[in-house]
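What Swiss-Prot annotates here:
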DOMAIN    45-110  domain 'Collagen-like'
DOMAIN    111-247  domain 'C1q'
CARBOHYD  23  O-linked glycosylation site
CARBOHYD  24  O-linked glycosylation site
CARBOHYD  68  O-linked glycosylation site
CARBOHYD  71  O-linked glycosylation site
CARBOHYD  80  O-linked glycosylation site
CARBOHYD  104  O-linked glycosylation site
MOD_RES   36  5-hydroxylysine
MOD_RES   39  S-(2-succinyl)cysteine
MOD_RES   47  4-hydroxyproline
MOD_RES   50  4-hydroxyproline
MOD_RES   56  4-hydroxyproline
MOD_RES   68  5-hydroxylysine
MOD_RES   71  5-hydroxylysine
MOD_RES   80  5-hydroxylysine
MOD_RES   94  4-hydroxyproline
MOD_RES   104  5-hydroxylysine
SITE      233  site 'Not glycosylated'
């Protein structure tokens, strides 16, 4: 082995003779010193090929946050979106403050008041049974809806009417009935007490149509005709409209 190494050394020297002269001391470091021990005959091999790239290493740790940048410019206005669905009705809000009073309105038309009334009395005690009693003593008959010549009230305004009568009874019993359109609707009977003046009365509500007639008359024979009146005792018949029909 030593012989082979010396031979290689001699072969190397001529290749460098034409160049600069190199001493043995300068070349000595380039030679690998022979190993010692059991492998004293080892010789350096030819350098191998470069190895493959290793696997990528792990990602490094996150760096510290940078400083906040400056605010950017506002972007352009985007297109108008589609109309959304109608939302649910919200809760009722609190009651507002009262508003200021409005202006006074123009005067309205006066409502028309329907009037129909009469109040009459008996001037004589002479009456005929079974015919209308003619009350000729007029207390009130401004609308002239009562006719003293016939003793009848004639309806000119349809509606609800109130009728009443107060009869003085003397010398005989009395039977009086109130008629509407030839039909008795109310009856009053009073039995005379000797040496006394009695009173008989009655009242009723009736609905009348235009043209209806209402009156009083004594019914029965002459024995039941104690109807009486003088200058201190009256027998009266009264009626008036309460409500007129609106349709």
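Backbone N, Cα and C atoms are what each Cβ position is placed from, and that goes for glycine too.
Helix, strand and coil counts from DSSP across the domain 'C1q' (111-247) read 3 helix, 75 strand, 59 coil. Long-range C-beta contacts of residue 233 (site 'Not glycosylated'), restricted to its own chain and to partners at least six residues apart, with a cutoff below 8 Å, comprise 168, 170, 197. Taking only the Cα positions, the spacing between residue 50 (4-hydroxyproline) and residue 104 (O-linked glycosylation site) is 110 angstrom. For the domain 'C1q' (111-247), the model gives a mean pLDDT of 91.
With helix defined as DSSP H, G or I and strand as E or B, the domain 'Collagen-like' (45-110) counts 0 helix, 0 strand, 66 coil.
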